[in-house]
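Reviewing the structure listed below.
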Ligand code: HEC
């Protein structure tokens, strides 16, 4: 077995011989034709004989080398059969030239033309097998790379969903690494070490030496251990082809440490800073979701409208120096509907609104429902009921909603459930039941609900 590989590894050395000999015969043929000389006949014959012999040798050694596996199947297919084609054509050319096969004058030149073209193609596929498809043009001038990159890119099978929350860790990050670097030798037909890495089931089944993934412990997992050995180690994976990159190793380590789940999403758990950084660097995935008010821009509110608000008992402050959003708070008690309606003067700009404990009623909430950029609303300790809360369903960007100490009940949660952007909800000291909260939490796991439940139990 090993002797085959030992011999096979001479293939790259001797393949250069037939290339030289056949090319030489081809050039002599062209020259002889041009100078109408017959004195090349013997030399062409000798050159073709050496070409045929070395081509045959190359085919045999190449076959042995390929038996070791680990090459891209379709590239290998073309390289192998084109190479065999070259050997057969060269033998044929020699026989024709030596008069052992009777053929018309035109056959020899035609055969040599085809051989030379096939040699070029075979050599190209051979290069792709050993150096990868990007080797040749890696340092090419930009315009050539651009022309080629429209057809092929190095990472073409890594296509990530554009939204970070739809990225599945195994499917989108881990499987592509394994497919690119391991599956050539670990698949249904080529189970090196008894290990198949093409499906969840096979990965969990492990190889001859047992399991290769120990959920939670990469350092005990063959799948990880093997890729971080010194590259000179016999056990280093992949034994052939490109080793894993630093990012790929880190992703694999993080995936196994986190429990090696096959269906977890990227944002299901907090991401370590390092993973966040490499996702951004290598995959251009940004997982830090900016707050709404940093993603949109509004015109500044006019001084006149701010004055109007102040006149009816509101205080306004800019949210930050970078944008025109406003934080607005009611300072007056028990406002009239008209006072509240004044908010519409700056409806675009209000992003934080505090009306806590000021005698707000259901009748005023339709006004609040018309503030399109509201992200934070405090209306706690007011006489608000389920009916009023219905008006808040239209707040498409609301993230924080404080309803503590209001008159709402379970029914309000039905309206609140429709506010998809919401991530913090305060409902303690209301008639909302623990069951309803649990049901909402099940529907919306990312929504933090503060119900003050434990405090009430203590009382
Ligand atoms: C060129 C072929 C080739 C490639 C590519 C390859 N392997 Fe292997 N792998 C082997 C061979 C051969 C064995 C058996 C000999 C050994 O255990 O070292 C093996 C064995 C293993 C084993 C041990 C299985 C057992 O239980 O005995 C693990 C784990 C493994 N490979 C992981 C990987 C990973 C991970 C990758 C991708 C990063 C990979 N291999 C890529 C050829 C390959």
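Think of each number as a place in line: the chain as shown, counted from 1.
Glycine is no exception: its Cβ is also placed from the backbone N, Cα and C atoms.
Annotations in TrEMBL come from automatic prediction, not curation.
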Checklist entry - With TrEMBL as the source, which of 44-66, 136-158 is set down as transmembrane segment? => result 44-66
Item to check | Distant-in-sequence neighbours of the transmembrane segment (78-96), which means Cβ under 8 A and at least six residues beyond its ends | outcome: 18, 22, 25, 45, 48-49, 51-52, 55-56, 58-59, 62-63, 66, 103, 107-108, 111-112, 114-115, 118-119, 121-122, 125-126, 128-129
Checklist entry - Residues of the same chain, at least six outside the transmembrane segment (44-66), with any C-beta under 8 angstroms of its C-beta? => result 4-5, 7-11, 14-15, 17-18, 21-22, 24-25, 28-29, 32, 76, 79-80, 83-84, 86-87, 90-91, 93-94, 97-98
Next on the checklist: Checking distant contacts: for the transmembrane segment (13-32), what same-chain residues at least six beyond its ends satisfy Cβ-Cβ under 8 A?
Outcome noted: 38-41, 43-44, 47-48, 50-52, 54-55, 57-58, 61-62, 86-87, 90, 93, 108-109, 112-113, 115-116, 119, 123, 126
Item to check | Helix-strand-coil residue split for the domain 'Cytochrome C Planctomycete-type' (182-241), DSSP-based | outcome: 16 helix, 4 strand, 40 coil
